[in-house]
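Since the structure comes first, as structure tokens, the remarks are kept for the end.
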Amino acid sequence: MIELVENVLIKNGLLFAFLCVGVVMWAAFWVSRNVLGGKIPGVALAIIAGLALAFLGDKKGLADIPLFAGLALLGGSMLRDFAVVATAMGADLDKIKTAGLAGVVALGLGILSAFFIGVGVAFAMGYADAVSLTTIGAGACTYIVGPVTGSALGASSEVIAISIAAGVVKTIVTTVATPLLARFIGLDNPHSAVVFGGLIGTTSGVAAGLAATDPKLVPYGALTATFYTGLGCLLCPSVLYLLLDWIMA
Amino acid sequence: MTIYGVALLAFCFLVGKITGTLLGAAIGIDGDVGGVGFAMILLVAGNTWLKHRGGLPPATAGGILFWSAMYIPIIVAMAAVQNVKAALSGGWLALLAGTAATVAGLLLVPVLSRIGRPDLPQPRADD
């Protein structure tokens, strides 16, 4: 009988995912209000619970378990991007316009700072060839820029794995640290959210971090972050690689 | 009707994605450059334009606002399907590079936020 019930849940995976997320969010908000006295926002708690649950699975997190495969559809890039675009309904065109220049500067500086920090750490840990250094630096941008750059330059699979891992670490650190540090870095208005999105760039991390800080800021951060990965894929395997190749030689 | 809102949102989304993909192809990247960003700008601009003409009918707007409200649950689902084990398997190099890059980005937020902020120097009278 249990098998029959399980089959129904697997067949209707997306709907079961709605139920699961609803339960997780209800529990997170309950704990936030009644146990933590509202000190940690319910949204932040729910996202951390999601990350913790992902340890039960493997590459696709909890979705590796067939019963929870529907979560991969609900949390996949199609519905995520669709919902991110929908948040733009609450965005103010004038605020985006005034933050435009700051956002563009943030994008450039965000990619350069992440790249050279990644390169610096890799160099300190013993990597000395331009291809590996560039790939790991690209991974410090986002977990998509890393493997795209690595495969374009012909990096080893070990180095590509490290670059993906660095990008995933960035996403998770952003998700957890943003609500905690938001006050100290003045992240409480649309203007700084546009800058934040451009500097950090990992769309999932920026979106999750801002959602946990103040959901009203999500569209502003997501707007700039969405350009980051594309720009990184453009700059890392070309200009930045040539620059490193020249420095190392 | 609610479906008009959902359809409008899907239209903005797809136009943005196509623009981003074409831009990517134009600069030689197999992927999408700012597709979501273009879609958002399209929706914001369209919404502002419609506001001057009486705005969207409430039911139509509801079709968009529903997806906007589903955003956080979707993020929770996304967190649950992350490859968290990979984040740890990359060892110290990945942990250090990812964390340092994030911290640097966060610390630059207050510095760059000064650019083009019109309301910073003088105290605001209206609120």
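These residue numbers are counts, starting from 1, taken along the chain as shown.
Note: Cβ is positioned from N, Cα and C throughout, glycine not excepted.
Quick look at what TrEMBL lists:
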- A:6-247: domain 'Malonate/sodium symporter MadM subunit N-terminal' (DOMAIN)
- A:12-32: transmembrane segment (TRANSMEM)
- A:38-56: transmembrane segment (TRANSMEM)
- A:68-89: transmembrane segment (TRANSMEM)
- A:101-123: transmembrane segment (TRANSMEM)
- A:130-153: transmembrane segment (TRANSMEM)
- A:159-181: transmembrane segment (TRANSMEM)
- A:193-213: transmembrane segment (TRANSMEM)
- A:225-244: transmembrane segment (TRANSMEM)
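Most Cβ pairs within less than 8 Å of the transmembrane segment (A:159-181), among stretches A:12-32, A:38-56, A:68-89, A:193-213, belong to A:193-213. Nonlocal intrachain contacts for the transmembrane segment (A:68-89), taken as residues 6+ away from its ends with a CB within less than 8 angstroms of a stretch CB, comprise 10, 12-18, 20-21, 57, 60-62, 203-204, 207, 215, 218-219, 222-223, 226. Taking pairs at least six residues apart, the transmembrane segment (A:225-244) and the transmembrane segment (A:38-56) share fewer than three Cβ pairs below 8 Å and do not count as touching. Ranked by Cβ pairs under 8 Å to the transmembrane segment (A:130-153), the stretches A:38-56, A:101-123, A:193-213 are led by A:101-123. Long-range contacts of the transmembrane segment (A:193-213) within its own chain (CB-CB distance under 8 A, at least 6 residues past either end) are made by residues 41, 43-44, 47, 80, 84, 96, 99-100, 102-107, 109-111, 113-114, 141-143, 167, 170-175, 177-179, 182, 185, 187, 220-229, 232.
Here the transmembrane segment (A:101-123) has long-range neighbours at 132-134, 136-141, 166, 170, 191, 194-201, 223-224, 227-228, 231-232, 235-236, 240, 244, meaning same-chain residues at least 6 beyond its ends whose C-beta is under 8 angstroms from one of its own. Regional average pLDDT for the domain 'Malonate/sodium symporter MadM subunit N-terminal' (A:6-247) in the model is 87.
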